[in-house]
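Q: The structure under discussion is supplied below as structure tokens; questions concerning it will follow.
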Amino acid sequence: MTTSVIGYPRIGKLRELKFAIESYFKGDNTQTDLLAVAKSLRATHWRQQADNKIQYISSNDFSFYDAILDTACLLNIIPKRYQQLNLPALDQYFAMARGYQGEHGDVHALAMKKWFNTNYHYLVPEIEATTEIKLVGSKPFDEYLEAKQLGIETKPVIIGPLTFLKLAKLPAGQTYQHYQAAVIAAYQNIIAKFSQLGVNWLQIDEPILVTDLNQQDIQAFEQIYQALLAKKRNVKVLLQTYFGDIRDCYAQVTAQSFDGIGIDFVEGKQSVTLLQQHGFPADKILFAGVINGKNIWRNNYANTLALLDKIKAKTTKLVINTSCSLLHVPYTLQSETKLTIAQKAYFTFAQEKLQELAELGLLIKEADAKQHTAYKSNQVLFTREREGTHHAIKQRVTALTKQDFVRLPEFAEREKLQQQKLNLPVLPTTTIGSFPQTGDVRLNRAKFKKGEINQAQYTEFNQQKISECIKLQENIGLDVLVHGEFERNDMVEYFGESLNGFLFTEKAWVQSYGTRCVKPPVIWGDVSRSKPFTVEYSQYAQSLTNKPVKGMLTGPVTILNWSFPREDISYKESVFQIGLAIADEVLDLEAAGIGIIQIDEAALKEKLPLRKADWHSEYLDWAIPAFRLVHSKVKPETQIHTHMCYSEFTDIIKEIDQMDADVISFEASRSNLEIIDVLKRNNFKTEVGPGVYDIHSPRVPSIDEIRLTIEKLLAKIDKQKLWVNPDCGLKTRGEKEVVASLTNLVKATQAIRQEL
Ligand code: GLN
Ligand code: ZN
């Protein structure tokens, strides 16, 4: 049985590419140095796959920043503002990726967006009225030849025309169909060039096919591929889909003259049914995505072999594939020195997934696979109870009833009681939680971790910072204060470290965008809380002031979404376990006299399914209750806040209101306050703090600017429901700009209060 990999991570086992690129940015590294690092990484990655006998290895899955950006450059889609900089090609490329400020000019970067349902972000190509779409680059061809020189025949991979067009930003008033002919011509040239080079297989990625498509999209798909496949010559074309099933266009996809079709059987909930109902054309190869490219748990061979049996009943021309590019998992378990051998047995990162593919390729041929040692040792993991299992926690979740998700009395009544108790001025001012994490704060944490200072010294330093932070906020004149989050490295990691059931890796980095990587915690077992972990600092902060200090927590959905989730229990069960642990913390904060508690759900939208039909059944029906569970038992006069990053939640605004928080703050400043109309139209009941300035920029907003924003907000939002705050935490900002910005925020608010 043959095996295939859709794409391999490119940042390097120890993030070599990240560091080489960042040195190049700083001028410590020449272009030649950078190209050499890139070349050697590509060679390593191809060899690793070849060593594991992968037959279909990708080339052109490498990128200095992002594959969509590479495609834009390949097709000459370079907005004028970058051309006018007159930079060498590589620098122009990086200018598009991250903006440019220097002697050649001053331009913003291309917009960046979340790549489907992953935590990877791509750069949005920008087609201008004057753009001439045509093949101009040679990257895919060069990399194919580079591999060939190493003796490795690869399948080049390119982003498909439909996905590319649907993700691109177009000139006002245009539809993507307007550019279809030009894009087809450019792709025909790409295929012609591959044909000249003697390429055997070409992989064209069309993840857009797993999203909701309309009739025009399907028609565009058919037109594009009829035109391309008519000219494929001696090149075999694999149409690769991932991140879901292709239920809207299965018939149209299988009707085209592709030589192979890649289908995701891990995230594609309906993939098996589609295959069973419609069959699979006998003249094509099915690339069956059965190894999870997004999560790090070892494959369960019993389940996968059973799945492959179902697939084999419909087609015998089969290749075993990853479900998506391995870009979304870390490199290798070999770099982990702190996980136990018993723990490591449960995981596979990119490199170990190659072995899984190879083993499955062997097992599927065996008449009696179950007798095979590879099978037996795999099944041991799935038949015995894992360390980290706690029946008491599971029972707590099972015992939950409807009432555990309902806070009483209802919102309107609580709102009155809270107003009486808190007695805040109209348009209360506050911040989102963190204050600048300056060098001394990080140093203190690092010293404590290394054992250079003891617990008392560590805490004393943090208390000092808290007390300065409280004084600062009082001086500025804010109404609801925060302790500043100096003890937290990261809003999820800190919680993972304080709760039972999480594992942490040392080197398991995953690319988030460009040179930025994240190292998500692993939800390993049943999650619980042994003791309160935020109460002490919050209580200390509250003891220093008569103004209310908000307790500050991370919500269960965000903790789940920014970790590697379990596969042995449902997201729902896992998130309820986390919810119960946080709920205990909420009640302890309340008992300690904290009257306002903020529970951040920064990443609420992260796992929202790609298809609207699945939003409720697969996500919102447990994600929203998980948040309600966390605060359902607090007293009516305790005020619950939440905070969300990103403003693209217009389409789930009702569900957000149903989280039943008392106050929500979010990022609206970058989206031109568009969301405010949506709040009004939907009669949004929760009090709101839409964020009056953008904290992602070091700019200090003026008093007048903030006044204007607040006035705009007041035109649409009842003054009794409006809060004034920055749009996210201040952790990444400098102290000086924070003081200036917050001072202006308070002054602007005071001026407006005079007029009300
Ligand atoms: N409370 C967190 C902070 O202020 C929220 C961060 C976030 O929304 N990403 O840093
Ligand atoms: Zn935020």
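Placement of Cβ uses the backbone N, Cα and C atoms for every residue, glycine included.
Because TrEMBL annotations are produced automatically, they should be read as predictions rather than curated entries.
Okay, these came from TrEMBL:
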- H696: active site, proton donor (ACT_SITE)
- R15, E16, L17, K18, K114, N119, R516, C517, W562, E606: 5-methyltetrahydropteroyltri-L-glutamate binding site (BINDING)
- I432, G433, S434, E485, D600: L-methionine binding site (BINDING)
- I432, G433, S434, E485, D600: L-homocysteine binding site (BINDING)
- H643, C645, E667, C728: Zn(2+) 1 binding site (BINDING)
- H643, C645, E667, C728: Zn(2+) binding site (BINDING)
- 3-315: domain 'Cobalamin-independent methionine synthase MetE N-terminal' (DOMAIN)
- 427-750: domain 'Cobalamin-independent methionine synthase MetE C-terminal/archaeal' (DOMAIN)
Q: On the 0 to 100 scale, where does the mean pLDDT of the domain 'Cobalamin-independent methionine synthase MetE N-terminal' (3-315) fall?
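A: Averaged over the domain 'Cobalamin-independent methionine synthase MetE N-terminal' (3-315), the predicted model reaches a pLDDT of 97.
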Q: Rank aside, I only need the closest one: which of the binding-site residues K114, I432, G433 has its C-alpha nearest to that of E667 (Zn(2+) 1 binding site)?
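A: Comparing Cα positions, the closest of these binding-site residues turns out to be I432.
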Q: Inside 10 Å of the Cβ of D600 (L-methionine binding site), count up the other Cβ atoms and send me the figure.
A: 26
Q: Can you tell me which of these recorded positions sit near ligand 2, meaning the Cβ is under 6 Å from at least one of its atoms: L17, K114, S434, C645, H696, C728?
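A: Listed by sequence, the hits are C645, C728.
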Q: Within 10 Å of H643 (Zn(2+) 1 binding site) (Cα-Cα), which of the recorded positions L17, I432, S434, D600, H696?
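A: Close recorded positions: I432, D600.
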Q: Near G433 (L-methionine binding site), meaning Cα within 10 Å, which of R15, K114, C728 (binding-site residues)?
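A: Those near G433 (L-methionine binding site) - Cα within 10 Å - are C728, in sequence order.
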Q: Can you tell me which of the recorded positions S434, E485, D600, C645, H696 is spatially closest to R15 (5-methyltetrahydropteroyltri-L-glutamate binding site)? Compare CA atoms only.
A: H696
Q: Could you state the whole-number distance in Å separating the C-alpha atoms of W562 (5-methyltetrahydropteroyltri-L-glutamate binding site) and D600 (L-methionine binding site)?
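A: Cα to Cα, W562 (5-methyltetrahydropteroyltri-L-glutamate binding site) and D600 (L-methionine binding site) are separated by 13 Å.
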Q: Among the recorded positions K114, R516, W562, H696, which have a Cβ atom lying under 6 Å from any atom of ligand 1?
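A: What lies within reach of ligand 1, judged by Cβ under 6 Å, is none of the recorded positions.
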Q: Considering only the recorded positions L17, K114, R516, H696, which fall within 10 Å of D600 (L-methionine binding site) when distances are taken between Cα atoms?
A: none
Q: Provide the three-state secondary structure of L17 (5-methyltetrahydropteroyltri-L-glutamate binding site) computed with DSSP.
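A: The three-state answer is helix.
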Q: Whole-number Å distance between the CA of R516 (5-methyltetrahydropteroyltri-L-glutamate binding site) and the CA of C728 (Zn(2+) 1 binding site)?
A: 20
Q: A 10 Å Cβ contact count, applied to the binding-site residues R15, R516, H643: which residue has the minimum?
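A: Checked R15, R516, H643; of these binding-site residues, fewest Cβ neighbours within 10 Å: R516.
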Q: What is the interatomic distance between the Cα atoms of C728 (Zn(2+) 1 binding site) and K114 (5-methyltetrahydropteroyltri-L-glutamate binding site), given in whole Å?
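A: With distance taken Cα to Cα, K114 (5-methyltetrahydropteroyltri-L-glutamate binding site) is 18 Å from C728 (Zn(2+) 1 binding site).
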Q: Tell me the Cβ contacts of I432 (L-methionine binding site) under 8 Å, same chain only and six or more apart in sequence, or just say none.
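A: Spatial neighbours, sequence-distant, of I432 (L-methionine binding site): V482, Q598, H643, S665, N725, P726, D727, C728, G729, L730.
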Q: Of the recorded positions S434, E485, C645, H696, which sits closest to K114 (5-methyltetrahydropteroyltri-L-glutamate binding site) by Cα distance?
A: C645
Q: Other residues with Cβ within 8 Å of the Cβ centroid of I432, G433, S434, E485, D600 at the L-homocysteine site?
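A: Apart from I432, G433, S434, E485, D600, the close residues are T431, V482, M491, M552, Q598, H643, G729, K731.
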